[in-house]
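**Student:** Let me give you the structure first, and then I'll get to my questions.
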Amino acid sequence: MSDLTKLSAVEIAGLVASGETSAVEVTQAHLDRIGAVDDRVHAFLHVDTEGALAAARAVDERRAAGDELGPLAGVPVAVKDVLTTKGVPTTVGSKILEGWRPPYDSTIVERLRAAGTVMLGKTNMDEFAMGSSTEYSAYGPTRNPWDTDRIPGGSGGGSAAALAAYEAPLSIGSDTGGSIRQPGAVTGTVGAKPTYGGTSRYGLVAFSSSLDTPGPCARTVLDAALLHEVIGGHDPRDSTSIPAPVPDVVAAARLGATGDLTGVKLGMVTEFIGEGAEPGVMAAFRDAAEALAKLGAEIVEVSCPHFKYALPAYYLIAPSECSSNLARFDGVRFGLRVGDDGNRSLEEVMSLTREAGFGPEVKRRIMIGTYALSSGYYDAYYGQAQKVRTLITRDFTSAFEQVDALISPTTPFVAFPLGSRTADPYQMYLADLFTIPTNLYGGPAISVPCGLSDGLPVGFQIMAPTMADDRMYRIAAALESAVGTLTPPTI
Amino acid sequence: MTTTLPAYDEVVARFEPVIGLETHVELGTNTKMWCGCPTDFGGEPNTRVCPVCLGLPGSLPVANKAAIEATIRIGLALNCSIAEWCRFARKNYFYPDMPKNFQISQYDEPLCFDGYLDVEVNGELVRIGIERVHLEEDTGKTLHVGGATGRIHGATESLVDYNRAGIPLVEIVTKPIPGTGALAPEVARAYVAELRDVIRSLGVSDVRMEEGSLRCDVNTSLNRPGEEWGTRTETKNVNSLRSVERAVRSEMLRQASVLEAGGRITQETRHFHEDTGDTTSGRSKETATDYRYFPEPDLVPLAPDTAWVAELKAALPELPRLRRKRIQQEWGLSDLDMQSVVNAGAVELIEATVAAGTTPAAARKWWLGELSRRANETGVELADVGATPAQVAELQGLVDAGKLNDKLARTVLEGVVAGEGSPTEIMTNRNLEVVSDTGALTAAVDEAIAANPDVADKIRSGKVAAAGALVGAVMKTTRGQADAKTVRELILARLGA
């Protein structure tokens, strides 16, 4: 049954539950697919063949024993290598953690296991989730299944490419400035950033603590919602986790799929629909907005005047937090250690380890952040950026007094050729121009495929108020019902 | 560098000291500040650790509510205002005993601020301003192997034990304390002693300086009268009350000699040496370390409910200074006697001994006499001398029951301090009980009479006072275990006097 890899998670779960196929069969089909295509895609850093088959067998045994299975039992999932997995290598795409096998599972992975999903392995990413193309992975780039000479987005390019290459029906990403949504957009898949605090960060190797948000990636909106439901919800081990139930995202996705948006008011962000985006991207976005209007949505323009400061504010806040979060990678307790020859001082060993273990983009951000937090500059940089963050949050809250959700293209441009933006960090940073404001605010946002531009996928972004993740899924599912899903070329 | 230090009274005649104290107290919570690992002292290295207190990638802190409560109670006991809203902050610096290479602490938003503590020095009340009380995490411990100094420089290997990493630590910082003159060393000591008593009375820490659950840094500066305050030094490694006093005094003398010679004081950390009573230069602080403090993004702000804080305030125990006043009255002690009890660190010990059934006078006698002497000899705090209030009460009970005389009781107490067991066990095991059984004593008495016929004759002839010599002889043969009164009666009866 080679077409098992083409099915949605809902379909796979249904077949496993009814006994028409087994979890082992499903898992093997995906492992075979990975074996067949991943040398060209490089979505995975580590494939846990044995662990996956063992998890699949456990699901099959539970089914045989008559246990009630969860809605995603037996469905394979690929996990971004930013989440700790007990005994399974976790590198964060960095040489500094090469060979590290964490002694504990992240909360997300723990919940995935408890739900009976089958973890196939760990996906490639820009080192420490810093990047928009997965080219900053220390283990080589991931390629876009739509055109393997192009980038799959980043930082979670591996998780998105695994979906588009049919190596996995579901994957987990993490979104600090767009790392779920932008890869979703450029690979023609669905990527959702939940409300900050709606998914646990425990076991998510931190890049920027106040922004990092793990979330679901899938080929359909309903699949993403099902995965969101499994991984979301309060976690007492994460102090910033919201102590409230997950909004009913699955019901919202089903409601949206009926294609009725009567009474829903959407705001196109004025600042994001003018300059900055490619014409092909804008055309696909406008067509999709039309389609939503046909479903009954009222569409207006809403100005968010401070969004233009989001990128500079983000590139002070995120590096500042990263400079502190990444201090622990010093070769003392885990991971890489360089220069420990019995003659060098501890300080030298720490320096050599960090020099060898971190790539250039990570070093750039550590240096920016160290500078921005230093005494005498704190107020001018970190302090000022926090004020901008407050203003952006106000833009969102006042926008949501006028509309139910904001919409924009997910990213200004379609997948660009490998190597075309690595020489100029600013050109790379622009990929997240439209996604970053939401991270600064903390609300949920999703990227849904809305068409093609020059044969490459375009993403449509829906941004909702905090804890209104359900509303976001409803609109996303409605859009999907109107424009359909995208089918990547066969690899 | 040997310089002749000026005399202390000359120093205080020419200079005015300003002191300040930073005290770290390890809280006695069951679990660590950010995780569920146990906090008890000891344990094999790196056995009380988890991903959180090891700072493993992906781990996150969750604040310990009991530690927050304890900190607020300390703040309230020190008359502080409690912040309605405050945050933890990261203090960034690289050191291998800091698992994350940053310490979660508090910076410009301490949980408690602007309080005071009244301490008594020579019968005078001195009000010490409290700048702030904040909560942070302790670091691990590094052991530097090889090299001469035991410090990181020159060591061939460093071993780190993270058992202590993440234990909640409260930092209490005084405002600068000027105007204490010659009494500065005693004020410093009295403050730390009072602070320790306050914290102990709250039951939030065992505040043992020798185990490091109370650690003290002493800031000292000197200025000539009428001039601005001088440059201060921060003396670390001050591990007992006595050392607090000695460290201030030693630093005053050293700074005075530098200033007298026309030198200037370097702002630096100095290390106190228990053996010599001197301080030596540590790290210079003139190029201040930039800790790049910023609000801890992994934790939510602290906003203690005002009703909760009011409840905690209402439930504070009687503070030690007030309790001492009350106890002094109850025990009927003069100011001077009470002062010696306080100075000996014996208030709680005597109180507990009295609670166990001993009279205040008897309890005071043991703690201030035999046991204080012993503590001084061995250089430990009285509370750590090796005897507990319950044991002292038991000992006095044996004396009251006539089973031990004063001399035997001292011998038994030595056994208690040596860890031989309870007073009753020691008395029995070492066969020290007073012999008052007349049958057993008659033989010894007869023997003494036979050996001293002259004395016996004197007694027979009515010189009863001569009996003392025979009593002494009997006591000698019974190794002091006889009851002297009984012996005397027996002798007189035997000789028909």
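Keep in mind that glycine also has a Cβ here, set from the backbone N, Cα and C atoms.
In TrEMBL, annotation is done automatically, which means it is predicted and not curated.
I grabbed these lines from TrEMBL:
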- A:25-471: domain 'Amidase' (DOMAIN)
- A:Lys80: active site, charge relay system (ACT_SITE)
- A:Ser155: active site, charge relay system (ACT_SITE)
- A:Ser179: active site, acyl-ester intermediate (ACT_SITE)
**Student:** Report, in whole Å, the straight Cα-to-Cα distance of A:Ser179 (active site, acyl-ester intermediate) from A:Lys80 (active site, charge relay system).
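**Tutor:** One finds 11 Å between the Cα atoms of these residues.
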**Student:** Sort out the sequence-distant neighbours of A:Ser179 (active site, acyl-ester intermediate) for me: same chain, 6+ apart, CB within less than 8 Å of its CB, listed by position.
**Tutor:** A:Met125, A:Asp126, A:Ala129, A:Ser132, A:Gly154, A:Ser155, A:Gly156, A:Gly173
**Student:** Among all protein chains shown, how many Cβ atoms are found within 10 Å of the Cβ of A:Ser155 (active site, charge relay system), not counting that one?
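**Tutor:** That number is 35.
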**Student:** Across the domain 'Amidase' (A:25-471), what does the pLDDT come to on average, as a whole number?
**Tutor:** 97
**Student:** Please report the number of other Cβ atoms within 10 Å of the Cβ of A:Lys80 (active site, charge relay system).
**Tutor:** 34
